[in-house]
Amino acid sequence: MTDRSATFNILKLVKIVSLSLLFVVLVCFVAATLRTLTFDVNAGLQLAHWEKTNNIASDINQHQRNELLENFREAIRIPTMSTTKTQLNITALGEFDSLLRKVFPTVFSSHLVQHEVVANYSHLFWVPGSDLALVPYMLLAHIDVVPADENDGWEAPPFSAKEMDGFIYGRGTIDNKQSVMGILQALEYLLIRGYSPQRGFFIGLGHDEEVSGLQGAMNIVKVLKKKGVQLAFILDEGLAVLDGVISGLQGPAALIGISEKGKATVKLSVFKAPGHSSMPPRESSIGILAGAVKRLEDNPMPILFGEGPERRTFEHLAHRFGLPIKFVMSNMWLFSPLIGRVMERSPDTNAFLRTTTAVTMFNSGVKVNVLPSLAEAYVNLRIHPAQTVQEVLEFIQSTVGDERVKIELVDGFDPLPVSSYDETSFGFQTIKKTLLDQFPQVTVAPGLCIGNTDSRHYTDLTKDIYRFTPTWIRPGDTQRFHGINERISKENYEELVVFYFNLIQNCDIKELPSPHSAGHEL
């Protein structure tokens with residue numbers, strides 16, 4: 001073969017490869033464009049004909065409005081703080097019990113409602129339905145709150161329930177007494193108006209959720225298991241309505257948590273013989289441990305975007321973005337790696353991409369001139385749904401890479417299973433319908449809850465657990481969770497009461513309607 005013919009063949013091959021690549025790019029672009037123009041997974045059953053349309057109207061007069069707000073303020077004023085698993089404000093929990101009985105007399109006296117106190121301070125309510133063939137559901141909330149100190153910079157004392165500019169300030173206003181009071185207030189109004197459910201339901205109010213729910217939630221579960229209870233779905237706290245929080249999104253989004261991250265606490269420790277600081281060794285226990293911690297921070301867990309429910313969040317919201325973001329969000333199959341790289345730049349969005357690693361405690365030393373024998377650090381990890389506790393431990397072991405560093409799992413649990421959210425999902429679609437009836441401007445999407453809730457203890461009772469409250473979160477509000485100036489607007493609290501009032505009634509159907517169209521991609 002001559003040099004000329006060889007060159008010709010190489011050029012021909014390059015041309016074929018280039019044209020093939022161009023054709024593939026063109027096909028991908030056309031497919032992505034068509035998908036962008038037609039992609040909408042959020043329509044669901046919105047236009048379908050629902051079986052139940054004659055709900056009791058949720059009209060709230062001015063007297064009731066004043067009443068429900070004052071009831072809520074009283075709840076906020078009681079400092080039901082959980083500090084540790086053994087340090088609870090039991091006096092406040094007792095006061096809260098008395099408050100519930102005082103402000104919801106119909107709930108506690110109705111022949112329709114069965115009530116029992118669990119583990120001294122938690123509450124379990126059972127409202128039987130008239131149709132025993134319908135599987136019951138459950139609403140969860142928690143009574144306790146994290147500690148709060150006015151000296152941290154609160155604009156109003158954290159247990160004052162002070163009203164300013166239409167907001168009620170106080171610890172528990174958004175985590176989670178708004179649900180506790182909202183659920184019972186809705187039930188109180190329904191019972192007063194003669195309501196009797198077709199589908200039975202439970203209400204569980206835990207008293208120690210902020211310290212893992214080992215007494216409240218776990219004992220409620222034991223009671224339900226003894227009764228042989230199985231549930232259609234559970235609704236607990238978790239995600240919320242985000243308004244102006246997601247950059248570029250047109251309108252507010254209600255994210256319903258369909259899973260939550262796992263958690264692990266890992267202890268790292270280094271032991272060396274103690275000595276005098278005047279004769280230091282080449283490496284101290286502190287130095288060795290500091291190096292291990294630095295390696296963990298420099299080598300984060302892998303990006304797992306697209307391998308968990310977070311991908312479906314973006315796909316459900318895609319149609320509410322403008323171009324070019326809509327083009328990207330509608331084609332996660334093509335752009336997932338790019339989106340992951342962009343999202344990892346911010347701590348707020350990085351948490352949805354991977355298992356996060358946070359070094360939260362570092363202890364060593366007893367005196368300035370003594371070389372410490374022991375150095376230890378605690379690492380808190382929130383585990384992405386695509387990983388397990390064991391995989392996380394193996395990653396830490398390989399990253400630290402030092403046999404002198406002892407690695408121990410203090411406690412932990414795997415991520416929660418992903419609940420259903422398609423057009424056959426009774427719980428998800430009923431919650432979604434209730435939301436859209438009340439807030440038609442909202443886009444509903446499944447989401448990943450990066451915190452943990454009491455609902456994780458209930459996985460043996462149902463396969464579908466949802467984490468959502470219709471609390472409106474606007475820019476800056478996310479810092480109020482467990483932070484200072486926690487607050488909720490008076491209007492939003494009333495909306496919560498109405499939401500639960502309607503949700504309870506909307507569950508009184510035997511089955512979901514057929515979708516109005518089979519053309520939507522799921």
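A Cβ is built for glycine as well, from the same backbone N, Cα and C atoms used for every other residue.
No curator has checked TrEMBL annotations; they are predicted automatically.
Features as listed in TrEMBL:
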type	residues	note
TRANSMEM	12-34	transmembrane segment
BINDING	HIS142, ASP175, ASP236	Zn(2+) 2 binding site
ACT_SITE	ASP144	active site
BINDING	ASP175, GLU210, HIS482	Zn(2+) 1 binding site
DOMAIN	258-403	domain 'Peptidase M20 dimerisation'
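Feature annotations (TrEMBL) mapped to structure.
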residue	record	Cβ contacts under 8 Å, 6 or more apart
HIS142	Zn(2+) 2 binding site	ASN176, VAL180, LEU205, GLY206, HIS207, ASP208, GLU209, GLU210, GLY213, GLY216, ALA217, GLU237, ASP454
ASP144	active site	THR80, MET81, SER82, LEU88, LEU93, GLY206, HIS207, ASP208, GLU209, GLU210, VAL211
ASP175	Zn(2+) 2 binding site	VAL145, VAL146, GLU237, PHE481, HIS482, GLU486
ASP236	Zn(2+) 2 binding site	LEU139, LEU140, ALA141, THR453, ASP454, SER455, ILE465, TYR466, ARG467
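For HIS482 (Zn(2+) 1 binding site), the Cβ neighbour count at a 10 Å cut-off comes to 14, with all displayed protein chains included. GLU210 (Zn(2+) 1 binding site): 24 other CB atoms within 10 A of its CB, across all protein chains. Taken through DSSP, the domain 'Peptidase M20 dimerisation' (258-403) splits into 58 helix, 37 strand, 51 coil.
Taking the centre of the Cβ atoms of ASP175, GLU210, HIS482 as the Zn(2+) 1 site, the nearby residues of that chain (Cβ within 8 Å, site residues left out) are VAL145, VAL146, ASN176, PHE481.
In sequence order, LEU140, ALA141, ASN176, SER179, GLY206, GLU209, GLU237, GLY238, THR453, ASP454 are the residues of the same chain, not among HIS142, ASP175, ASP236, whose CB sits within 8 A of the CB centroid for the Zn(2+) 2 site.
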